[in-house]
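Asker: First the structure, which I've put down as structure tokens, then a few questions once you've had a look.
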Amino acid sequence: MPSYTHMPYVRPSAILLGIAFDHAASFLVYGPLMGDIWKRAMSTAPHVEYDAGSKTKKVATTYVSNFLSTAVQSYSIAALLQLTGTVTLKGAFFVGLYVFGASGLPDVVDYMFTESRGTPYILVKTISSLVKSVGLSVALIGYGVRRI
């Protein structure tokens, strides 16, 4: 009886690399590279009030949800690279652009027209999303996601 797998195998180290890449990209984009622009964009944004719960619980929840969503994103991009047979950096760049077009571009349009966000906010979010999709796919293909 043949064995069918619906989810391709991705090395756990590739997922960990993706998590590290995403956190490093967030640190660089929201920190040294565009931190001042981000602070200006957030100072003009309307503040959202949250319930007065435990700050430790909020931080833990935020970090765990970010970690899990980044792990899923890393697995998904690695699986997509594997299933499409991508072996070159150029191919990985285009796969990353397709992922950005499917996931990041609708957010940019939403920020512009629905939420009427300012240009600095849209700029930082777009660059962050682009780095996290295109950069992650290039980093993963450079690492060697595919089985040979």
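Just so you know, glycine gets a Cβ as well, placed from its N, Cα and C.
What you are looking at is a predicted structure, and each value in this text was computed from that prediction instead of being measured.
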Asker: Transmembrane segment per Swiss-Prot: which of the ranges 38-58, 122-142 is that?
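Answerer: Transmembrane segment, as annotated by Swiss-Prot, spans 122-142.
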Asker: So what's near the transmembrane segment (14-34) in sequence-distant terms, Cβ-Cβ under 8 Å and 6+ beyond its ends?
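Answerer: Those are 67, 70-71, 73-75, 77-78, 123-124, 127-128, 131-132, 135-136, 139-140, 143, 145, in sequence order.
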